[in-house]
Amino acid sequence: MQIKLANPRGFCAGVDRAIEIVNRALDVFGPPIYVRHEVVHNRFVVDSLRERGAVFVEELHEVPDDVIVIFSAHGVSRAVQQEAERRGLRIFDATCPLVTKVHMEVLRYAKRGQECVLIGHAGHPEVEGTMGRYDTSFGGQIYLVEDEADVENLEVNGPERLAFVTQTTLSMDDTSRVIDALRAKFPQIDGPRKDDICYATQNRQDAVRGLASESDLVLVVGSPNSSNSNRLRELAERTGTPAYLIDTAEQIRPEWLTDVSAIGITAGASAPEVLVQAVIERLQSLGAEAPDELAGQAENITFSMPQELRERVIASE
């Protein structure tokens with residue numbers, strides 16, 4: 001049984017940055033460090049940081065006064081940021097810079113008097129943060145749609161002054177169809193020069209298509225609450241290749257491997273490589289050969305830490 005590894009896979013620059021911010025804050029200031037929401041959607045990562053002294057909370061009212069709080073990579077609403085400022089909390093913002101870019105687009109549309117449509121999944125923290133970045137004091141509204149049916153039912157106040165943005169971790173194919181539906185219904189709709197789906201999401205989706213075409217089974221390493229990991233599993237399945245989303249190697253069921261001669265492995269943008277290697281070891285214990293890494297898009301993007309934290313790290317070294 002062959003093992004084929006997607007390339008690229010696993011951590012993206014935004015996830016790397018967010019995890020580094022928490023780790024460096026723990027190094028410099030010591031525990032506890034409070035983190036609003038899971039810093040990234042991966043159980044292994046969150047548990048590892050919790051063991052170091054990170055305390056994960058869902059809302060700021062769970063945070064005592066005079067502590068350090070880190071905002072997760074998914075971003076937060078203006079209301080959350082303003083509450084933190086009102087309380088005088090010391091904040092390090094681990095919001096992915098590509099999510100921040102969408103926040104700025106939303107605010108710019110609001111200030112122009114344009115209403116905004118956000119394409120995204122209801123309840124996802126990135127969506128909640130982005131919705132909360134639209135400033136309704138300028139007279140407009142922001143609307144959420146997930147699919148073409150939502151677009152068909154969408155009614156807006158100002159169709160001639162309308163724009164759209166997207167969640168960064170969506171399926172490119174699904175999003176393209178929703179954008180087409182928006183443009184068909186609202187021909188004057190404005191949008192970003194380039195869609196908001198991030199480079200890492202695009203690269204991993206391109207890679208899993210190629211991987212699935214060469215595999216009898218695809219395993220996606222990632223947590224169930226990871227949006228981009230779920231999209232990878234869905235994309236593999238759409239090619240006709242069975243696919244499973246697994247958090248750990250222990251979740252692999254031997255019966256999945258019946259009559260499988262080539263198994264593909266990829267990982268969501270929040271899944272560490274150590275989990276991929278554990279999956280490889282588990283498969284090899286079940287008779288698989290050494291893995292073959294497929295060619296793919298090289299990634300060399302990095303994002304820097306917040307300046308204050310960066311300076312404190314340098315001073316402590």
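Here, residue 1 is simply the first one shown, and the rest follow in order.
Quick reminder: no glycine exception, Cβ is built from N, Cα and C everywhere.
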Given that Swiss-Prot annotates H41, H74, H124, S226, S227, N228 as binding isopentenyl diphosphate, state which candidate in S171, S261, S270 belongs to that site as well. S270
In Swiss-Prot, C12, C96 are given as binding [4Fe-4S] cluster, so which of C116, C198 is in that site too? C198
Other than H41, H74, H124, S226, S227, N228, S270, the chain contributes near isopentenyl diphosphate (Cβ within 8 Å of their centroid) the residues V40, E126, T169, N225, S229, G268, A269
Taking the Cβ of E126 (active site, proton donor) as the reference point, list residues of the same chain whose Cβ is under 8 angstroms away and which are at least six residues distant in sequence. H74, G75, V99, G120, Q167, T168, T169, S227
Would you say which of the binding-site residues T168, S226, S227, N228, S270 has the most Cβ atoms within 10 Å of its own Cβ? S270
Rounded Cα separation (Å) that holds between S226 ((2E)-4-hydroxy-3-methylbut-2-enyl diphosphate binding site) and C12 ([4Fe-4S] cluster binding site): 13
